[in-house]
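Student: This structure is in structure tokens; I'll ask about it shortly.
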């Protein structure tokens, strides 16, 4: 039997009067909440719209991103990058009808030095900015001597100057480097012969990790007045400049005593920017994609595209034309013993012309030091052009003329360019086009994909056509008398 329960009604506490908001404040709060929602919605739509606009711009510019790999999205950079092509035109070499007028290499270098505030990193092959190596008083050496003088002023002003240079395999003047050491610069010699059986053939500057020069010019007074050179200066482009600094840091590491190439490079040297995920930049006010490649493959940390792979990718994706200006072109490992055939680039050019109908123009330098075997390979490539194959390949030799005094200057009067341009891409490198430069020798290249009038690509195309159509370009069957003894291949 259940016990009898006593129920008692609980008393509920009386409610305190609520602090009610006046109706006008409630309405104001609701209005503010509604406005905030609309602002948030507008911001979301703006972000989505901007992304769609940029995607549309790049699709409009490039059609698709097949050139860089499937389904890859470029990593963005918001620097207002400015690119300027710079040239060294040898004294006495005139282009009277040319519309191109680019700044000189010496002007660009002196401008970079004048603007350096915190750091300057230089990767270089050798140093002869004075003409001590010729034991002459050559007036055209003055520009190189001025560059050296300005370099010596930087370290005393607090600029951290670092120079990575290839360790010479034999006697070589070190006067310039000794002067820079005395001024406070740091110098490390990279023994590429020991590391990869090659040399450090790279030629670039990085200033304040914001601006840089990359091109064909050596730290040689002749590269400013007696040798034809081409490079690019990138201003206010810290994203690319910092990435180029990573390549320099690898050289700097290898310049330490007893160093060796790591089996796996530390993550410090890795990059996010490469052929598959190029950097999305605004270049000279228009959209562009860019990345830096490096050689040889053992010097490519995670993410870095090897130079040869980048070069071949540009060749393989050309659909209209391929214009190439290079000092040496040899489908061989010319510094290997015994010599070995190396057709990687040659096959790519033949395939482009034969399979896709791409117009190929190859402008190779000819001077007193040209490798004599090069002629046979150039004739073989040019022979592909006939009425049966409909392959449009042409090869010319560029000869820099020299008067009696200029002819006495050693290792001068040559077209030292190392670039390629297609209807889609620009490739500016530091290597000659033969096998060892990509398998053993250290080099760097800048690749830019940009269309439109006034683009870097269109400017480089104009320079190539100026040279190709100039009186300094000669067919392979030209008479040797037309160039005197300045060309070994005729």
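In case you wondered, yes, glycine gets a Cβ from its N, Cα and C as well.
Okay, so Swiss-Prot annotates it like this:
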- 97: N-linked glycosylation site (CARBOHYD)
- 132: N-linked glycosylation site (CARBOHYD)
- 196-223: domain 'PLD phosphodiesterase 1' (DOMAIN)
- 201: active site (ACT_SITE)
- 203: active site (ACT_SITE)
- 208: active site (ACT_SITE)
- 236: N-linked glycosylation site (CARBOHYD)
- 284: N-linked glycosylation site (CARBOHYD)
- 387: N-linked glycosylation site (CARBOHYD)
- 411-437: domain 'PLD phosphodiesterase 2' (DOMAIN)
- 416: active site, nucleophile (ACT_SITE)
Student: Which sequence-distant residues neighbour the domain 'PLD phosphodiesterase 2' (411-437)? Criterion: at least 6 residues beyond either end, Cβ under 8 Å.
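Tutor: Apart from its flanks, the domain 'PLD phosphodiesterase 2' (411-437) reaches 62, 67, 90, 198, 201-204, 214-217, 222-223, 226-232, 295, 307, 310-311, 314-315, 317-336, 340, 342, 344-345, 363, 365, 367, 369, 398, 400-402, 443-451, 456-457, 460-461, 464, 467, 486.
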Student: Measuring Cα to Cα, how many angstrom lie between residue 208 (active site) and residue 201 (active site)?
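Tutor: Answer for this pair: 23 Å between alpha carbons.
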Student: Counting by DSSP secondary structure, give me helix, strand and coil numbers for the domain 'PLD phosphodiesterase 2' (411-437).
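Tutor: Per-class counts: 2 helix, 13 strand, 12 coil.
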Student: What three-state class does DSSP give residue 132 (N-linked glycosylation site)?
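Tutor: SS state of residue 132 (N-linked glycosylation site) = helix.
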Student: Cα distance, residue 203 (active site) to residue 132 (N-linked glycosylation site), nearest Å?
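Tutor: Just about 21 Å between their Cα atoms.
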Student: How many Å lie between the Cα of residue 416 (active site, nucleophile) and the Cα of residue 97 (N-linked glycosylation site)?
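Tutor: Cα-Cα distance, residue 416 (active site, nucleophile) to residue 97 (N-linked glycosylation site): 22 Å.
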Student: Could you give the Cα-Cα distance between residue 387 (N-linked glycosylation site) and residue 97 (N-linked glycosylation site), in whole Å?
Tutor: 33
Student: Hey, of the glycosylation sites listed (132, 387), which one tops the CB count within 10 A?
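Tutor: Result for the most crowded candidate: 132.
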Student: Can you tell me how far the Cα of residue 97 (N-linked glycosylation site) sits from the Cα of residue 201 (active site), in Å?
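Tutor: Between the Cα atoms of residue 97 (N-linked glycosylation site) and residue 201 (active site), the distance comes to 34 Å.
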Student: Which whole-number value in Å describes the distance between the Cα atoms of residue 284 (N-linked glycosylation site) and residue 236 (N-linked glycosylation site)?
Tutor: 11
Student: Calculate the distance in Å between the alpha carbons (Cα) of residue 236 (N-linked glycosylation site) and residue 201 (active site), and round it to a whole number.
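Tutor: Checking the Cα atoms of residue 236 (N-linked glycosylation site) and residue 201 (active site) gives a distance of 26 Å.
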